[in-house]
């Protein structure tokens, strides 16, 4: 594995180095993806954002991207090379790129960096993320209403706040409409490994789950659910509409295009400054994919009502009373979670079983 | 924690499914390495097989044709490696790595129009009364034909390597190609055939992923399985029987840990995930401790062969 990664890194450098001669007054924007752009999920949507930037600015912008970059030292090399080859703005689109981004940004004060889903900023580093948990709440509601076995499977990737938030939000919403519901969480420790994701989905289904939520990037769990029949799933990061109407009954779609266009414009205008962005359903960064006909009309209406309520700010997915898993009080009646706690969430809410791995 | 939620027969069944791609690819690589060639391009050949098999199965509606195309695709790609390594005496390690990169790129190019398509399903074999046995029926006797083919191939590879003249010649070439050449054995011919076999097997393993185990086409979907197959060959100390054990151990641990997690067993996932690799390292250490020379690796492994006049 190491060898291949090293070599991929080296190949990436070679590919980028050739681009270094194309210096002109175009704004050069780099993108670094954790998976292939054809994953049909997370990296796919970021690449859609890149394409939207190209379309919006036409000749005024040049974009470069590098896909399947491992989180770690290789990421640092790829970023360095992008910065050296004249990129003005670099989007690093996975949580694990956070420290590499900070390191490289310190060496290139004139290059702007944007890191997705992290929590660190610097003079020339912004971070941005979407409030996926708002979408998770809508999924949780549908899941809670649709399950017959009352067992909901959840394929988690890494134990980071974003993923834990999603589990909690989905669980709270499901529990609200179906007090008997039970969550089984499997940590896959990967963002992208179709075979493993499919195996995880199968293990959950074999143990009685009839709803599978995923926080990994490929459509493999959808395929596994389709194979098993009578199991519903939700598209993650991308619509995954090719699996509608069954097993995929709805989805969370990440729409990065407006944000990317906005930030590139800021660099062009010289108005770019470091900030943290965390947008949800209301500004359109999180979209809920079409709820398919496999969902009864009343459940669909209920889900859409929840979506609207969240968008208008009337409902917050984390509204008290909520206890932590150990039974200690977290939010009192009517209190909503503050962004700081959400951003660093490292605990399950009461009712979830199992431990969060370190 | 609810261990009763795990159904042992279903778990054994998915263990066999999860292990089959590894078994196929590792068997192929075993034959290649036994002939004295180190092909690190398993990952590239697997993913090429995955897309060739997927595309042909979708177009023709027949998974059998798909597997056939996968074997051809994998073998064709391996011939690029064969020509470079045997014909032009290029470095085997570098060429193998290049083959992986090439295969990954080629497959995503070919696969662009196959994203999100469902392949025709490969039906489970009905083995009559065997499939109706309690426990064993579901666990062992209700798989698709490819699982049984992979087991049959294990036996076949073992038999050919250890019980036939062809196998003896192949092993002789792998141990000392100069001596074999002096004896008049066709070193390059055997090696090319072994490389083609390795490519075909890796292709089958890849197609098993895209047609049965997942089943769908996704770019980069082998996600390192080819490298695990390479590790299994070492783990098995170049023996066909142990390849089977190795593949089922690697596949089994993945399935086991996912099942345990789904059942809510609190268990450090990281350790289970790394355990097969630890075992491989351990096996290597134990092997190298044994006496002075006898590591099980074929003596000419990875060395270029140039026929002296």
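Each residue, glycine too, has its Cβ placed from N, Cα and C.
TrEMBL has this to say about the protein:
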- B:12-32: transmembrane segment (TRANSMEM)
- B:37-58: transmembrane segment (TRANSMEM)
- B:64-89: transmembrane segment (TRANSMEM)
- B:96-115: transmembrane segment (TRANSMEM)
- B:135-161: transmembrane segment (TRANSMEM)
- B:192-211: transmembrane segment (TRANSMEM)
- B:217-236: transmembrane segment (TRANSMEM)
- B:243-263: transmembrane segment (TRANSMEM)
- B:269-287: transmembrane segment (TRANSMEM)
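Remote same-chain partners of the transmembrane segment (B:217-236), defined as residues 6 or more beyond its termini with a Cβ less than 8 Å from a stretch Cβ, comprise 21-22, 25-26, 29-30, 33, 40-47, 50-51, 54-55, 100, 104, 107-108, 111, 114-115, 117, 119, 202, 205-206, 209-210, 242-243, 245-247, 250, 276-277, 279-280, 283-284, 297. By number of Cβ pairs under 8 Å, the transmembrane segment (B:243-263) is matched best by B:12-32 from the list B:12-32, B:37-58, B:135-161, B:192-211, B:269-287. Contact between the transmembrane segment (B:37-58) and the transmembrane segment (B:135-161) is absent: fewer than three CB pairs lie under 8 Å, with pairs separated by 6 or more positions in sequence. The stretch from B:12-32, B:64-89, B:135-161 that makes the most Cβ contacts under 8 Å with the transmembrane segment (B:192-211) is B:64-89. For the transmembrane segment (B:12-32), same-chain residues at least 6 beyond its ends with a Cβ under 8 Å from one of its own Cβ atoms are 38-39, 42, 45-46, 138-140, 142-143, 146-147, 150, 153-154, 157, 161, 170, 194-195, 197-202, 204-206, 208-209, 212-213, 225-226, 228-230, 232-233, 236, 238, 240, 243-244, 246-248, 250-252, 254-256.
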